[in-house]
Amino acid sequence: MLPLVALVGRPNVGKSTLFNALTRSRDALVHDEPGVTRDRHYGVCRLDEARPFVVVDTGGIAGVDEGLAGATARQARAAAEEADLVLFVVDGREGASSLDDDILRWLRKSARPTFLVVNKTDGLDARAALAEFSRYGFADVFAISSAHRHGIDELLAKVLARLPADGDAEILDDDPERVRIAFVGRPNVGKSTLVNRILGEERMIASEVAGTTRDSIAVDLERDGRKYRLVDTAGIRRKSKVEEAVETFSIIKTLQAIEHCQVAVIMLDANEGVTDQDASVLGAVLDAGRALVLAVNKWDGLSTYQREQVEGLLSRKLSFVTWAEAVRISAMHGSGLRELFRAIHRAHASATRTFSTSEVTKALEIAYETNPPPVVRGHVAKLRFAHAGGENPPTFIVHGTRLRTLSDTYKRYLENFFRKRFKLIGTPVRFVFKEGENPYKDKKNVLTERQVAKKKRLIRHVKRNK
């Protein structure tokens, strides 16, 4: 357990840039637009390897108690309440504002140890910048530039001197037994609501405003004796719909979360069925080759007739992923969560299963004998043996001859046969076909001296007898 430092301040004062500087990462989204950060984002500062501590980046407090801004402020206050030390970040270029005054009054009521950090002082007279905030009465004031890392070392030394040796903050571990789950989908389908319901707390900001989540937030969880890492992600829209640079960065973060997860839970809105945006999300998961579970949200709000219509729509539009389980849930009320986690376990077990060469080759032989490849231009592909080539997704490498003549239809037959034989649920299956090569194909026959002499004698003999 490590001590915790919270970064608090109004929007666009450089808290996320300072977070990235302290954690030596680019985990926090940084942009000139105010209000980019909304949810709490945790990382570990290891600038002093002997004294690591947890840093939490928070959204800017905008002085509004309702709506999205109010939810962001509540997240920032929750972070400050649990922190061992608060870094109150202000903008040295703009100087003190009435909003800074309001935040300071709240911080003093919280009675948390607080340092004043005057950011963006590069190119400024540091003394003049600090004098602007002298009326705040802080004993510990630091002039820094997060973007250029000026003053970070001095700030770090004071932070370490003030922090206790131990704290209550937990960090994300590297436990290989932990199942990594990414909750993905188009904007406003209930991803954050579902994660909050699973965690039993308002860890993520959930709102009816599309695009509320802008970053990928990871949280560790233990449920029913199993360990998980839940990753809430920003909604993915089609490229033609993406206009803001911040949304582009958010989508990149989501795609990275998909790459790093083991199971992707794709959330669909039961009221809207399967949209083109849902297809874009599904395509991203399939391209990454990740196991997937479909979570049809807001199911409890449908009538019997509407449910029948949605069932038919799911069957038609998702016919190419019939191997993926679809679970009907309500993120708001928590119904269907037990079955959702069961489906996640089945998909994870299938995606990470190991196979021996003998069982894979045996399956290939049975598939070949049951339905041999068709003749193509007088040639028939021969499948000799196969072995496992990786997991998540399960990959099978097939060796043989004339494999280029295999049709897509026959490849789909092999995929379906292997999926049925090995009971693979909720995961893509990939095949790699390798031709058996002739080792002497590119080698030129070189005669020995004796063979050359014999060849010359034969040529002379033939010429004499003409």
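Along the chain as shown, the residues are counted starting at 1.
Each Cβ is built from the backbone N, Cα and C atoms, and glycine gets one as well.
Annotation comment: TrEMBL describes 9-16, 57-61, 119-122 as GTP 1 binding site. In this view, Asn12 (GTP 1 binding site) is surrounded by 18 other Cβ atoms within 10 Å of its Cβ, with every protein chain counted. A coil conformation is recorded for Asn12 (GTP 1 binding site) in the three-state DSSP classification, outside any helix or strand.
Sequence annotations record features per position, and here TrEMBL assigns GTP 2 binding site to 185-192, 232-236, 297-300. Mapped onto three states, the DSSP output places Thr233 (GTP 2 binding site) in coil. Of all Cβ atoms in the shown protein chains, 29 besides its own fall within 10 Å of the Cβ of Thr233 (GTP 2 binding site).
The annotation domain 'EngA-type G' is assigned in TrEMBL to 3-167 (among others).
For 179-352 (among others), the entry in TrEMBL reads domain 'EngA-type G'.
Of all the binding-site residues in the list Gly9, Lys15, Thr58, Ile61, the shortest Cα-Cα distance to Thr233 (GTP 2 binding site) is found for Thr58.
Rounded to a whole number, the C-alpha distance linking Ile236 (GTP 2 binding site) with Asn12 (GTP 1 binding site) is 25 angstrom. Following the DSSP three-state reduction, the secondary structure of Trp299 (GTP 2 binding site) is helix. Separating the Cα atoms of Thr121 (GTP 1 binding site) and Gly185 (GTP 2 binding site) is a whole-number distance of 40 Å. Here the C-alpha separation of Asn12 (GTP 1 binding site) and Trp299 (GTP 2 binding site) works out to 39 Å.
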